[in-house]
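A.B. asks: Attaching a single structure in C-alpha cells format; questions to follow.
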Amino acid sequence: MDFPFDLNALFPERITVLDNSLSAGRKAHGRPDPLLQISSVIDELGKASSKAQQLPAPITSAAKLQANRHHLYLLKDGEQNGGRGVIFGFLKVGYKKLFLLDQRGAHLETEPLCVLDFYVTETLQRHGYGLELFDFMLKHKRVEPEQMAYDRPSPKFLSFLEKHYDLKNSVPQVNNFVVFSGFFQSRSVVQLRKVHPKKPEGEIKPYSLMEREVVREEQRVLPWPFVHPAGPPHSPPLLPSSPQSRSLSVGSSPSRALLRPAAAPRTPFSQLNDSCRAKRTSSLNRSRLSFH
C-alpha cells in the first residue's frame, strides 16, 4: 500500500513498532509534525484489514491505538514507489484479561498477549512478509505462539499458524478468542487463576472455624446490652434455710407475711397533728381527775 508522502521519513526502520504515542522516532528538524501522516497510514491499514476480513467496522485505527496500551508492528519496503516506500502489512498485539476454558472445561482467568489484528496486502501475500512480521513480534515480546490468544482469526490466519507454527488443536471457547492446547501447559499457576463457579442464591454456608472465633471475640468486646448469652442467665444460689428461698422459687408467689409496708416519711404537718393529739389527750385526762 503506497501513500502520497515519504514513508521512509515517517518509519526509518523496515519494521517499526508503534504504541499509543504514535511516535516512530525523533522528530526531524525542519519537518512538520508527522502525527497526522502516521494516523492516516494506520487508519487506511485498518480499513483495508476490516474489508479483507469482512468486518462491519475497522478494529484498528489511530484513535484506538492511542486509547489502549497496544503495540502495532508495521512492515515496509523503502525502495518501491519511487523511493518513498510502500507498506506491506501490520500486526497489532496487546494484553487482554480473559476468562477461558481449559481442556477439562474449568474456568480460568488469565491475561495473555493477544493477536488483535493481522493484515498483509493481498497482492503481497504468500511471499513471506507475514512470517517476517510475526517472527519479529515473537522475538520482541519474547513469547511463543502457543502462549498467545487470537482474536477472531480468519481461516487464512489459522492456516498460517498451522503451517508455520504447528498450531492446530484449538480448545473451544465461549468468546471470540482462540487458544491452542499448549496454552495451558506452558503457563504457570500464577498466570492462570481458577475461577470458582457462583453458588446458587439461598445456599447457606456454615461458619468456618475462623469466622466463629471472630464472632466470639466481637461478643467479648461488646458492652452488656449487645451481648447475647449462649444460655439462660444463672441466678446466685440462695441458702436453703432462708425463707426467701422458698417464697421466691419458680412457681410460687412471695409470702404476704414477709412483706411489710414501708413506713411513710414524717413531715412537719404530721408532727403538728401528733402534738395536737397529745395535748387533747392530756386535757381529757385532767378533766376526768377533777370530776372524780
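Cβ atoms here come from the backbone N, Cα and C positions, even for glycine.
In case it helps, TrEMBL gives these features for our protein:
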- 118-131, 154-163: acetyl-CoA binding site (BINDING)
- 281-292: compositional bias 'Polar residues' (COMPBIAS)
- 1-184: domain 'N-acetyltransferase' (DOMAIN)
- 233-292: region 'Disordered' (REGION)
- Q53: site 'Crucial for catalytic activity' (SITE)
A.B. asks: Where's the emptiest Cβ shell within 10 Å among the binding-site residues G130, P155?
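C.D. replies: With the binding-site residues G130, P155, fewest surrounding Cβ atoms within 10 Å: P155.
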A.B. asks: Below 8 Å Cβ to Cβ and six or more residues apart, same chain only. Which residues does that give for T121 (acetyl-CoA binding site)?
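C.D. replies: In sequence order, the residues whose Cβ lies under 8 Å from that of T121 (acetyl-CoA binding site) (at least 6 apart) are M1, A48, I87, F88, G89.
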A.B. asks: Mean pLDDT across the domain 'N-acetyltransferase' (1-184), rounded to an integer, is what?
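C.D. replies: Result for the domain 'N-acetyltransferase' (1-184): average pLDDT 91.
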A.B. asks: Using C-alpha atoms only, work out the spacing between L161 (acetyl-CoA binding site) and Q53 (site 'Crucial for catalytic activity') and round it to an integer in Å.
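C.D. replies: The separation of the Cα atoms works out to 17 Å.
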A.B. asks: Taking every protein chain shown into account, which of the binding-site residues L124, L158, L161 has the largest tally of Cβ atoms within 10 Å of its Cβ?
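C.D. replies: Top count of Cβ atoms within 10 Å goes to L161.
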A.B. asks: Under 8 Å Cβ to Cβ from F118 (acetyl-CoA binding site), same chain, six or more residues apart: give me those in sequence order, or none if nothing qualifies.
C.D. replies: S49, G89, F90, L91, K92, G130, F134, P153, F157
A.B. asks: Q53 (site 'Crucial for catalytic activity') has how many other Cβ neighbours within 10 Å of its own Cβ?
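C.D. replies: The Cβ of Q53 (site 'Crucial for catalytic activity') has 17 Cβ neighbours within 10 Å.
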A.B. asks: About how far apart, in whole Å, are the alpha carbons (Cα) of P155 (acetyl-CoA binding site) and Q53 (site 'Crucial for catalytic activity')?
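C.D. replies: For P155 (acetyl-CoA binding site) versus Q53 (site 'Crucial for catalytic activity'), the Cα atoms are 10 Å apart.
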A.B. asks: Enter the number of other CB atoms within 10 angstroms of the CB of H127 (acetyl-CoA binding site).
C.D. replies: 12
A.B. asks: Considering Cα atoms only, can you say which of L124, H127, L158 is the nearest neighbour of Q53 (site 'Crucial for catalytic activity') among these binding-site residues?
C.D. replies: L158
